């Protein structure tokens, strides 16, 4: 016999019956036949359906039928589903609160941002395996970013080059380098899950004919020698060093930024190129200049992305950054980045560091300008699928709507050429 739980006080009887089924009224017990009753006319015969229903009822064995309930399983399952959704939402809220706590700790220099970044990209790698990229709400933005990287990589990479990519992620650029016919690719990333996924992708790319070495390691916080020492097959110095959408993590401190650029310089041949994609500090300043000094945490964005600064120190310092390093904001990008701490890269600071470590500026342009200048010669090189993915609603190529600000305006491309080896100051002799 199915039992119904006790009705909560906040639930109406109608809701309760709808959720757990309505209790049928029990039928009166059959009266035993008596000798004097035999003369009474018999009742009308039951219909076949009524007989079937009665026959299916369970009996107590004493002539009394048990009551039974119409349990509405589908509604009960819906109730369980709602409960699971509530628990998932609660767990997600707790995770976001913990993450926000970590971000605040990073802003106050209590914890290193590397841990937050590593955990984020490990988690994103896990979720990325479970859905089709083509259904992403930012598929146009992803196509645009891929086109930018195709053009940038092709511009500075030559056949038989040895390539080092710092922050290689899940290996999304392996095919781009394959088109350049390089001889070796060395990819390093702080996320062990991203490296594992990059290895899986590489094994499925049977048409790549160059050597691929994938390493888990810290590209910015320590010497690259620590990460690459177990891999003697790496052919240093390299012809190309690339950093795509990750160098901003190095500008947490001056020490970290210097270590990152020193790693680049030491890994690169004289005449080789260092190129990449970074947030455009001028666009960020343009946005920050719109806020008054009373706004404690300046923020802006749209349905695709959002930027939130940890404080209003820029405004309070007469609309200038107090220091080139440690200017933190959290960045959210739909279906890609979940409020991860990033740091402003004042481009003149990057240029000065590169100059100090033996590299001269070759090119720096916002995404939109670089795309407009390079796209005419690329339309016949892109695959039909990518060309279709770049087409806007007006028939032109690029990004539009909310995606335009998040991609075309927020980022810039750069390239430096190494002109001399950096020689560290030798210790003074007594």
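Cβ coordinates are placed from backbone N, Cα and C, and glycine is handled just like the others.
Cross-referencing 218, 280, 318 against the S-adenosyl-L-methionine binding annotation in Swiss-Prot, which names 149, 167, 189, 244, 249, picks out 218.
All chains included, 18 other C-beta atoms sit within 10 angstroms of the C-beta of residue 146 (mRNA binding site). Closest to residue 145 (mRNA binding site) by Cα-Cα distance, out of the recorded positions 170, 218, 248, 249, 411, is 411.
Of all the recorded positions listed here (249, 411), the one with the fewest other CB atoms within 10 A of its own CB is 411. Between the CA atoms of residue 249 (S-adenosyl-L-methionine binding site) and residue 342 (site 'mRNA cap binding') there is a gap of 6 Å. Counting Cβ atoms from all protein chains shown, residue 342 (site 'mRNA cap binding') has 22 others lying within 10 Å of its own Cβ.
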